[in-house]
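Quick notes on the structure that follows.
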């Protein structure tokens with residue numbers, strides 16, 4: 001079978017091959033390839049290229065074009081130069097050293113951010129607004145937890161988009177920025193409003209006292225704080241991710257810890273300042289609080305319209321609420337434990353250490369969840385059965401001692417716990433945070449709680465991300481809120497247990513009060 005002389009030949013594996021017309025390769029219904037062709041090899045000997053049968057599927061034209069391209073090659077299929085698809089992106093080839101090096105700086109920055117948030121709370125708790133509107137204390141853990149979830153989810157979503165090439169062109173970059181910024185404004189406003197309602201309810205239940213002025217103050221403070229913090233942190237995250245890509249750093253390693261650390265510090269500072277300012281206006285200008293609340297809620301339709309027009313954020317706008325609301329419920333249990341312990345003299349100092357142990361655990365598991373999600377996105381779409389989503393319930397050995405890149409990163413993140421916490425404990429002790437004296441036995445119990453917390457979280461992350469992927473859920477949008485909320489609950493519970501054991505065995509040096 002000879003080709004037409006006017007057709008330009010192809011070259012593959014050293015053989016000169018002619019272009020085979022489409023009508024020679026396909027049956028009339030274009031459903032399968034049916035012919036074999038005799039081509040001339042480099043020595044003039046005929047080489048038979050067998051065109052394999054392929055059924056047309058939903059991707060019809062694209063797969064047919066790929067088959068037509070492959071039909072112009074010889075049958076030397078064992079040649080290693082044959083294109084077998086794109087190689088995995090660079091993040092999947094990272095060594096343990098490179099992962100640790102990239103994670104170390106943002107991890108320390110995130111830790112110091114949580115230390116700073118604890119010190120800020122230690123100062124502002126004596127302000128009038130915290131003394132007379134005690135529901136603000138209830139608002140703090142809920143708002144910090146929810147804001148951290150939103151910002152870390154945004155960072156994970158943008159990191160995945162950057163790693164799989166969805167932010168390479170200016171047009172794609174602008175589309176991702178506008179859609180995601182509008183989305184987090186919607187989420188932050190709604191979350192801030194729900195957090196204020198929860199604070200009012202939890203403050204009213206114990207003593208039965210309700211003040212409409214305090215309720216409006218909480219609503220205005222919470223919504224304004226969530227909105228402004230979302231705007232600032234969202235812009236910071238975009239800058240971090242773009243800068244990371246330009247510097248050749250995997251954004252998954254740096255974006256989520258920075259989002260978490262800055263989220264806690266900035267949100268707490270804004271909440272304290274805004275609530276203090278609005279409290280000052282409460283007596284003379286009572287109309288200011290409802291106006292502030294109404295203003296930010298009135299902006300919601302604008303952000304909803306912008307987010308709905310963007311295909312990348314439209315699905316999250318409709319389906320991204322469940323994890324945030326459930327995470328709020330999980331964090332509330334941890335907040336209840338904290339509320340029952342901080343007022344007990346036997347647990348003195350626990351309030352200073354709680355943000356640190358919870359923040360570090362949440363930061364590390366957010367990095368791991370973001371990395372696994374990126375790894376899965378590189379092989380397909382959620383719900384697709386791929387080799388990278390093997391089992392629904394992994395064993396602890398496979399999670400921490402496997403040879404794949406995700407097990408490697410889990411080991412690196414786990415090994416960062418002890419040196420990181422030692423640095424943070426020394427910083428707290430140097431600044432006399434909580435007026436607590438550290439002892440060797442306290443450090444041992446604290447480290448045990450921290451290691452156990454991170455161990456549990458990393459294992460849950462390995463299972464949860466793969467499980468969500470198999471259920472056609474995008475882990476970038478669903479996993480991190482659950483994991484960070486579980487980090488708050490597990491960290492607070494283990495820390496309270498450690499303090500209780502220390503009190504039982506008589507280690508009173510950890511409870512030195514002012």
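Each Cβ is built from the backbone N, Cα and C atoms, and glycine gets one as well.
Curation plays no part in TrEMBL annotations; they are all automatic predictions.
Here TrEMBL gives transmembrane segment for one range in the set 135-157, 158-180, 181-203: that range is 181-203. Of the candidate ranges 55-75, 76-96, 286-306, TrEMBL annotates residues 286-306 with the feature transmembrane segment. Contact counts against the transmembrane segment (318-338), taken as Cβ pairs under 8 Å, peak for 480-505 among the stretches 103-123, 181-203, 286-306, 410-428, 480-505.
Annotation: stretch 103-123 has the most Cβ pairs under 8 Å to the transmembrane segment (410-428), among 103-123, 181-203, 215-242, 286-306. Across the domain 'SLC41A/MgtE integral membrane' (140-274), DSSP helix (H, G, I), strand (E, B) and coil residues number 121 helix, 0 strand, 14 coil.
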